[in-house]
Amino acid sequence: MAEQTIREASENTAEAISDATQATATLVQNAGKATTHKVLEKATEYKDVYTTVHEMAQHFWERVPYLLIALTVFLIFWLISKVFKYFVVKTLSGRAKRKQNLVLVLNRIGSTFIVFIGFMIALVIAIPGFTPAQLISALGIGSVAIGFAFKDIFQNMLSGILILLSEPFRIGDEIVTGTFTGVVEDIQIRATYIRTGDGRRIVIPNANLFTNPVTVNTAFVKRQCTFDVGISYQANIQDAKTIILDVLDQVRTIQSQPTPSVQVKTLGDFSIVLHISWWVDVKEVGIGASIDEVQILVKEALTTKGINIPYPIQQLVMDQTTVVPGSENNGLTPAKSEF
């Protein structure tokens, strides 16, 4: 009986071991299959990536000749734009001295258009499936967004073109806009560059110049110079005017027409103010230099003829009364001395 029990237990143990071994083998086999499957999947992915990169590289090398041709075409059109600018300047600069801004417009718009045409042709060569209609369609789709994003840029560009065409001022003119005064150095499509008297460069957006008032100091050849001088009330006004007019007649840079003038501007608190005006050719002399010269000569002439140029006189009154203690209310009025 005991032997039978031991035999059965041994058989059960052997069966359990066999089942466990079989289960282990099955697990190992399944794990191996799963690992092999994953390895195959990764290998397939790497193969696809390699194939894609290889095809892209092969396609790129196939396109290299077209890219070189496209680059060559673009460079040719760029050189054509430079030649166009040279011939425009050579042809029109001598014939249209008063239309230098028109030359700038033709230069910049014409050369930009030529470069744009070259870019479009180069793009079609580099990308055979591309057509200008596709670009126009894309621009149409994004025109609203582009318009909002580049509103200020487009406004300045349009203002720059209108300024160049209408010529309210030209390069070399002295203008005043806002708080800035300077000589126009360059008028570009987006902005205008001016040089101030103290050597600074100011970049002004063209939209500001187009919408705001601009004073052009050099719009005309002749400009008026003025300054005021005061003479004493004891002086003879007609004599003073004659002396000043004689001085103006002796200055070579002062224009005879319109004639210089001396007028009584106002009767001031301490002097009779005379307003002196004359005209100069800005090509011959600067405004500041002419005013400086005339002021010096007028002052010397009036002083030589005995006509005083008065200045404000203040009278200082000082109280030198010594107050004795106990005599504040004795009714005496303090004495004053005047100087």
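Using the three backbone atoms N, Cα and C, a Cβ is placed for every residue, glycine included.
Keep in mind that what you see is a predicted model, and the values were worked out from it rather than measured.
Now, the feature entries from TrEMBL:
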DOMAIN    152-215  domain 'Mechanosensitive ion channel MscS'
DOMAIN    226-309  domain 'Mechanosensitive ion channel MscS C-terminal'
TRANSMEM  64-84  transmembrane segment
TRANSMEM  105-127  transmembrane segment
Distal contacts, the transmembrane segment (64-84) - CB-CB under 8 A, six or more residues away
107, 110-112, 114-115, 117-119, 121-123, 125-126, 128
Which residue counts does DSSP yield for the domain 'Mechanosensitive ion channel MscS' (152-215) in the helix, strand and coil classes, in that order?
21 helix, 24 strand, 19 coil
Could you please provide the mean pLDDT value for the domain 'Mechanosensitive ion channel MscS' (152-215)?
87
